[in-house]
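> The structure is given below, and queries will be raised subsequently.
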Amino acid sequence: MTLGTGGLIAVLIAAIVLVVVLIVGLKLHGSIALTIAAITVALVTGVKPAEVGDVLEKGVGGTLGFLVLIIGFGAILGKMLEVSGGAERLAKGMLRVFGEKRAPIVMSFLGLIAGIPVFVEVGFVLLVPLVFVVAREVGCSKIRVGVPLAISLMVVHCILPPHPAATAIAGTLGADIGMVIMLGLIVGIPAALIGGPLYTGIGLRQLERAHVTAGAGQVSGVVAEGKPGPESNGTPGDAPAAGENVLKNDDADRSLPGFGITLLTILLPLIIMVCRTVADQTLPEENGLRQFVDLVGNPILALLISVIFAYFSLGISRGKSFSDLSSVTDSSFSPIGGVLLIIGAGGAFNAVLMASGMDKAIAGAMGSLPVSPLILAWLIAIVLHFAVGSATVAMISAAGIVLPMLQASPDLSPALMAIAVGAGAIGLTHVTDSLFWLYKEYMGISVGDALKTLTVGTTIASVVALCMTMLLHLVI
């Protein structure tokens, strides 16, 4: 069966609705929903039944073949940061530099830095005990420092490689990873600061006064203060007893890794990948230094080097044995299985879109619209995020939809298109998103207050990120 442009686009819309119904209505896992949608689209658009399996296999393999080691190494790096106390060290160091009055900005930058190797939900659970301690020491509400943390984690998750979703869409759209990192920092930092500290400081003063906390807080019946224990999974139940002051405990302070070495460990993969991009832009192809940087600047090797460095900087140098490091490594893999399945299923869905000819239909339909492809990419991603609740699903799906628009616009930067998709996936974080419920429960607030704070804040950050992307488009 051959469908025209209108029919193919109608099938795409129906497939998106199907994904929403399966995830939101039937509560199916995103990977199952995307796979069902991919098979449905393939059959309806005329892909031969005998070829459907091959198309799905190529889509999954093409996506995960590049990402699976990146995701795994990133998980190890995040776990090393957790068990070593590196996140707490970063918080202490930045509070000393910026001062307690700038605690919301400190928490925002903490999320931007510490969130690089971990998924947004894991990062929030890992860092939220610091929110309670900082709020008590500064004398502000948990919301005042919790919103900046959550939003900065979301920004990093959606825009900045080597995060899996950001890396996946960069690969799908053919964008240079180093360029996405550099432009993503330019876009992401103001988005996080405006949607986080600025919004909570100006737009939420009345709500904040109602939630000012002077001491420990109870969240869903469990103590929600202190830092996770050294071998914990970061849940509040693993926190020290109420009244224990983590940020001013001198003994604990002496046992933490150094600020500089912790910061270098987290930023090392970004530094290596950006160096590769700079070398590619400035050195001739036959130059020996460029060839070496091209080798180590591959995201897989960059993260492998960073993991080995973390083993020594946050492990061996602090008395950990190789057996300890092996246990930490094993424990880091359990949270990433679901994400791998979602990304793989998203790759299958995108492969079906290409096999069905839907890419050409989208390019033809969208190419004539008097709207920038960057705005369309942002709009598609934010609508999908609102509908399905998963930023990762939204980004992977949106990347496949907007790829034809990018191919039809040779003057458009693939890196900016990747950032536009990520910017859209930041916004409208609400009741369909697991981060929303984590945030609500840890902050101990109502659904309405969570909507006023996190949902509005992420949407502001999303709009700011789009505006920054459009400004960069004027010069790139």
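Just so it is clear, glycine is given a Cβ too, placed from its N, Cα and C backbone atoms.
All annotation found in TrEMBL is predicted automatically rather than curated by experts.
Keep in mind it's a predicted model, so treat the numbers as computed, not measured.
In case it's useful when we look at the structure, here is the feature table from TrEMBL:
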{"type": "TRANSMEM", "residues": "7-24", "note": "transmembrane segment"}
{"type": "TRANSMEM", "residues": "30-47", "note": "transmembrane segment"}
{"type": "TRANSMEM", "residues": "59-78", "note": "transmembrane segment"}
{"type": "TRANSMEM", "residues": "105-133", "note": "transmembrane segment"}
{"type": "TRANSMEM", "residues": "145-165", "note": "transmembrane segment"}
{"type": "TRANSMEM", "residues": "177-199", "note": "transmembrane segment"}
{"type": "REGION", "residues": "223-246", "note": "region 'Disordered'"}
{"type": "TRANSMEM", "residues": "258-279", "note": "transmembrane segment"}
{"type": "TRANSMEM", "residues": "299-316", "note": "transmembrane segment"}
{"type": "TRANSMEM", "residues": "336-355", "note": "transmembrane segment"}
{"type": "TRANSMEM", "residues": "375-403", "note": "transmembrane segment"}
{"type": "TRANSMEM", "residues": "415-439", "note": "transmembrane segment"}
{"type": "TRANSMEM", "residues": "451-475", "note": "transmembrane segment"}
> Go through the chain and flag residues at least 6 beyond the ends of the transmembrane segment (7-24) whose CB is under 8 A from any CB in it; none is fine as an answer.
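The answer is 30, 32-34, 36-37, 40-41, 44-45, 349, 353, 356-358, 361-362, 365, 384, 387-390, 393, 397, 401, 432.
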> Under 8 angstroms, Cβ to Cβ: which one of 30-47, 59-78, 105-133, 177-199 has the largest number of such pairs with the transmembrane segment (258-279)?
177-199
> List, by number or range, the same-chain residues at least 6 past the transmembrane segment (145-165) whose CB is under 8 A from its CB atoms?
67, 70-71, 74, 103-105, 107-112, 115-117, 119-120, 123-124, 127-128, 131, 134-135, 138, 177, 180-181, 184-185, 187-188, 191-193, 195-197, 199-200, 204, 269-270, 273, 299, 302-303, 339, 343, 391-392, 395-396, 419, 422-423, 425-426, 429, 435, 439, 442-443, 453-454, 457-458, 461, 465
> With CB pairs under 8 Å as the measure, which of the listed stretches 30-47, 336-355, 451-475 comes out on top against the transmembrane segment (59-78)?
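Per the Cβ under 8 Å count, 336-355.
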> Which stretch from 30-47, 177-199, 299-316, 375-403, 451-475 shares the most C-beta pairs under 8 Å with the transmembrane segment (336-355)?
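That would be 30-47.
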> Apart from its near flanks, which chain residues at least 6 from the ends of the transmembrane segment (415-439) lie with a Cβ under 8 angstroms of it?
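Distant contacts of the transmembrane segment (415-439): 23-24, 120-121, 124-125, 146, 150-151, 154-155, 158-159, 165-166, 169-170, 173, 175-176, 179-180, 183-184, 187, 191, 373-375, 377-391, 394-395, 398-399, 402, 405-406, 447, 450-451, 454-455, 458-459, 461-463, 465-466, 469, 472-473, 476.
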